[in-house]
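**Student:** Have a look at this one.
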Amino acid sequence: MKNYLNVEEGKNSWKRYVSTTILASVFMLLGSIIYIIAEIIMVAADESGKSYVDFDSGVAVGINANLDFLLSHIMYICWIFGLWIGIRFIHKRKMKSLITANKRVNWKKVIWSFGAFSLLLIVSQLIDVVFNHSDYSWNHVSLKEYALLVLITLLLVPIQTTTEELFFRGLLLQWVSKKVKRPILLAIIVGLMFSIGHFANPEMNKSIILVGLDYIVAGFALTYIAIKTKSLEITIGAHAANNMFLALFLTTDDSVFGSIPSLFKVANTEPVANLIWSIVMFSVFYILCRGKIKKEEAADKDQLIA
């Protein structure tokens, strides 16, 4: 099985990696500025005078939550566009090279990962509901609002999660792996980069240490899985499953998604329990991924022998 970290296509000097990283980051910043301006315009246009921009959470309070959720993806669209420019014209290679070293992206693997991680999320959430049922309540959303949320989630959340995967576990992981060869150390370095990018999320107000560790566990686990499976296909599916599940089914007062019309509202999220669940889930997911990759490698060997 070819390893996507061993990039053979294009030009990949450290200067080009620096240039592409800066370029993509500038486009991300540009998208963030456009989003903030859009929020300010929406608040200014609100005749009730009750809406405002909460700059701590980066969410416009008092305006249509679905509209705000939709506009928040401007940043990711700009970000992935900047990344594409860098890969295409600075590195002179295809975006696919950030995902796999094979001729084509294995979408079956992406779908498998999405399904497997979704199942783990459902099981873990049902267990939590059994023990903490008083924390969950029906959100009383209208069918129209929820249908719009489903549409936005299906169309845009995969762009958000894939952009993060391509930047952190694609571009940056390929860059760092040129010098760092030990999988665990490599996963720690790039996993921390990914985690730090989430430290500004409002969920951190619950507990800087515990929620921060939760992000670090997720960042390390997904990076390690990408390294061991030699492609981004599995992490793209898992990341999309996680964020889409949260958007469609669970909302909290301190959610990074804002007050979107998810089906259920969670009154109390316990950082310790969340951290434990993350460790358990990613451990189980890694075991599943390892089993799948071993089967694929065995099948490849059988084909070569035949």
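Counting begins at 1 with the first residue displayed.
Positions of Cβ are set from backbone N, Cα and C atoms, glycine also.
Note that TrEMBL annotation is computational and uncurated.
Source: prediction; values computed, not measured.
What TrEMBL records for this protein is below:
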TRANSMEM  21-45  transmembrane segment
TRANSMEM  70-90  transmembrane segment
TRANSMEM  110-127  transmembrane segment
TRANSMEM  147-172  transmembrane segment
DOMAIN    149-245  domain 'CAAX prenyl protease 2/Lysostaphin resistance protein A-like'
TRANSMEM  184-201  transmembrane segment
TRANSMEM  207-227  transmembrane segment
TRANSMEM  234-252  transmembrane segment
TRANSMEM  272-289  transmembrane segment
**Student:** Which residues of the same chain, at least 6 past either end of the transmembrane segment (110-127), have a Cβ under 8 Å from a Cβ in it?
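**Tutor:** Tertiary neighbours of the transmembrane segment (110-127) are 233-238, 240-242, 245, 249-250, 277, 280-281, 284-285, 288-289, 292.
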**Student:** If you average per-residue pLDDT over the domain 'CAAX prenyl protease 2/Lysostaphin resistance protein A-like' (149-245), what number do you get?
**Tutor:** 95
